[in-house]
Amino acid sequence: NVFVIAAILLERNLQNVANYLILSLAVADLLVACLVMPLGAVYEVSQEWTLGPELCDMWTSSDVLCCTASILHLVAIALDRYWAVTNIDYIHQRTSKRIGMMIFIIWFVSFLVCIAPLLGWKDPKWDDRIRDKECLISQDLYYQIFATASSFYLPLLVILILYWRIFQTARKRIRRRQVIGSGANTSSQNPAAGGIAGGLAAASGTGGIAAAVVTIIGRPLPTISETTTAFTTVSSNSSPEKTSFANGLEPDMPTTTDCSMSYQPQHYPVKKKSRDSADSKRERKAAKTLAIITGAFVLCWLPFFIMAVLLPINANLFEKYVISIFLWLGYFNSTLNPIIYTIFSPEFRHAFKKILCGRNYARRNKHFGIRHFQ
């Protein structure tokens, strides 16, 4: 998480509106590591809470605040990606104010969930547990229903729906590639017609994707900084400054000339079987990437939140070591997030290597004329 924060703060090409959510997510996950895990580790080692009720309140509230914020950031990232691949105007609507409002809502909702026990929404046995040197968040059943629904179950439902819709859009666009490819020979006689007709044909059935970014999937869905081009690849003939949203520069809407130039039909025959195989591979890759994103989140947090709802009903249902495993598995998600949401991005990988290797790495890349790792 420190690497992600440093990369965004130090690398100018990562300082764009799209990466504000990634930055805020890294801050939330870093707070989990700094505020929550140390006291949790002390509690695990000592097997009893000896730090008093005030520190118990602070620890559990910080836990709920930071973990809820981390999860809600994943919802915001999924929503941002969904808008980016389905809304033609979103590249202009994704402003600092809009993303800032999303971040504010995330932290405000997280604060409401964590502050409720401090305002008195605690179960009757809370004081008894403190005397028994046990520190747990309020075990009031209604609070747990409110907290788990706000922090996990509703966010999980939204994430699954959004990524399913994103995958459907990706799959349709991949399969539409075959139609565009089959018309390549016709368009090669009229490049301008091929560029516009082929591009808009791909966009027409996907909710109005901009013609500049409708030449189907080139790589899997990476970080939010590349959202708009995650399932589409602009022609490599275009300059990075005009095509890469990851650079923080939102390109102007394409003119007729731009569209015609972005579509360069091939004059050599393309084997349908090999093209179909490549399309199937891209579809599987997109599915695999989305499965990693959602799977890591579900595997890390689902056991804990099932347990959180059941404990108020039967406090003896789980052994202490099981509670600890499920709790720390959830914390582990804060370690995975910065990896999952940045590792697919060439810009982030470049920034990480530059931070690790220092000036020698930057000088070597400059010598070979490398601006971005592909």
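Every residue gets a Cβ built from N, Cα and C, even glycine.
Over in TrEMBL, the protein carries these features:
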COMPBIAS  232-246  compositional bias 'Polar residues'
COMPBIAS  254-265  compositional bias 'Polar residues'
DOMAIN    1-341  domain 'G-protein coupled receptors family 1 profile'
REGION    232-280  region 'Disordered'
TRANSMEM  20-39  transmembrane segment
TRANSMEM  59-79  transmembrane segment
TRANSMEM  99-121  transmembrane segment
TRANSMEM  141-167  transmembrane segment
TRANSMEM  290-315  transmembrane segment
TRANSMEM  321-344  transmembrane segment
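Long-range Cβ contacts of the transmembrane segment (290-315) within its own chain (Cβ-Cβ under 8 Å, at least 6 residues beyond either end) map to 71, 74, 123, 139-141, 144-145, 147-148, 151-153, 156, 159-160, 163, 166-167, 221, 322-323, 326-327, 329-330, 332-333, 336, 340-341. Sequence-distant contacts of the transmembrane segment (141-167), counting only residues of its own chain at least 6 positions beyond either end whose CB sits under 8 Å from a CB of the stretch, comprise 64, 67-68, 71-72, 74-75, 78-79, 81-82, 85-86, 109-110, 112-113, 116-117, 121-123, 221, 231, 286-287, 290, 293-294, 297-298, 301-302, 305, 308-309, 311-313.
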